[in-house]
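See below for the structure under consideration.
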Amino acid sequence: MVVTLAQWIIFKLLYPYADFFSDSYSYIEAAASHATVSIWPIGYSWFLSLLHQVHYSDTFVTSVQYFFLICSALVFFFTLLYFYQPAQNTIRFIWVFFFCNPLLLYLSNYISSDSLFTALSLLWFTQLLWIIQRPVWYQTITQALLLLIAFCVRYNAMYYPLITAVALFASALPKVIKWGALVFSVLLLALFVNYTGAEAKRLTGTRQFSVFSGWQLANNALYAYPHVKVPYHIFEGKASLFNRKVVKPFFDTCHPGIKDISPMNGAFYIRMPYAPLKQYYIKYVHDSTPATDFQAWGGVSPVFASFGSTFIKNYPGAYIQHYILPNSVNYMLPPLEKLEVYNLGLPQVYSEARYWFHYKSDNVHAVSAGLQGVLLFIFPPLFLVLNGAFIFCLTGFIKKRKLIPHTLWLCIVLTMVLFAANASFSILASPIVFRYQVFTMIVIFAFSAILSDLADSRQTKTAAG
């Protein structure tokens, strides 16, 4: 902890202000207005509100984020040491990656849910390891609560119940506790989904769990849209109007290069103000004058969801070719995106941040806007290497799994399921950016190191024998 404290002090001398991007202001706005639902999962805004009751400083927020992440990594680290007793060199290797890692410093300095979600996910996964290795009934309650909190912070936790089920049924807990724990975990999430849907209906008139999902679905479909001939009649209602009045005219008149935009360019059709989604959104805001951004985004989301789902159902081949396959490549080398530059390269922040954190002016500064891009550029390739290393280590042990302690093998299986579920969810249902992959990267790094250590120790014993 002394090392991490020293690192954080030096880091904050170099970066005295928190880091911001567009999502940051949505979180702050929701926290300031005491919103019950937002464009993004509401959990992080509740977290900001809670900390604001203690102190308004952005340094306080980022420090809590950093040390919570470090403590979560510490719990995970000592759990690995306690159960698997890796060699000293492996321990040092993991320790350096966990606690001397610039990525965790930069991630924690953002006013964003990334650091908090990573920390919660590490605690939740650590609890699953304990359920497999040393099961006690109350662990099922703590993992369910951690799962709920993580889900409130980011909807990427949507697939976590699958991982929970694997851990529960791999454990030695009585069957009634296994089923009870799984039902309890799912019930907590269902209650939150129901609450969020009800609040969204109250504010937008349409019951929807995530207003962003409609935008995401339409964005994904638009990558494939210009590569097929789409008749008007396949769409219904407002989706048909959106297609006829906005989408088709856009692709009929746009620069030919736009039609070759792929997921490798990020969420292009969500970001670009001249693209169909934002154009329809702007007209909706002009005509309907919604009171909040959430109501504006939520007002058009059902139209986009209908458009996207209809297109995908009718043209699955084009969707796979122009979205799924490129996105699979994108997953292997996820872009640094916002992590590449401090405060999007801007010398000011928006007024929401200034008032919330009591800044004296809109101006912010750091040692360098681009330094973090230089320091972190290695991490996307490292993520690719770790994916390959983990698969390589697994192939070497699948045939020799009887030589591995049974509970260790079950934890490896748990990590395999996490690895596969995260890849599937990321490719099929989520924007792919590097900061979304940090939790999975930490886990597969640790288990790749442990598997490599196990292989080395067995080779040494074989040679000695």
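In case you wondered, yes, glycine gets a Cβ from its N, Cα and C as well.
The model shown is predicted, which means the values in this text are computed figures rather than measured ones.
Listed in TrEMBL for this protein:
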- 64-84: transmembrane segment (TRANSMEM)
- 91-109: transmembrane segment (TRANSMEM)
- 115-132: transmembrane segment (TRANSMEM)
- 144-170: transmembrane segment (TRANSMEM)
- 176-197: transmembrane segment (TRANSMEM)
- 374-397: transmembrane segment (TRANSMEM)
- 403-421: transmembrane segment (TRANSMEM)
- 433-451: transmembrane segment (TRANSMEM)
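Residues 3-4, 7-8, 11, 15, 18-19, 62, 65-66, 69-70, 73-74, 76-77, 80-81, 115, 118, 339, 372, 375-376, 379, 435, 438, 442, 445-446, 449 of the same chain sit 6 or more residues outside the transmembrane segment (91-109) yet have a Cβ under 8 Å from a Cβ within it.
When the stretches 64-84, 115-132, 144-170, 176-197, 403-421 are ranked by Cβ pairs under 8 Å to the transmembrane segment (374-397), first place goes to 403-421. With a cut-off of 8 Å between Cβ atoms, the residues of this chain six or more beyond the transmembrane segment (115-132) that come close are 44, 47, 65-66, 68-69, 71-73, 75-76, 79, 83, 104, 107-108, 139-140, 142-143, 146-147, 149-150, 153-154, 156-157, 160, 163-164, 167-168, 170-171, 173, 407, 410-411, 414, 418, 438-439, 442-443.
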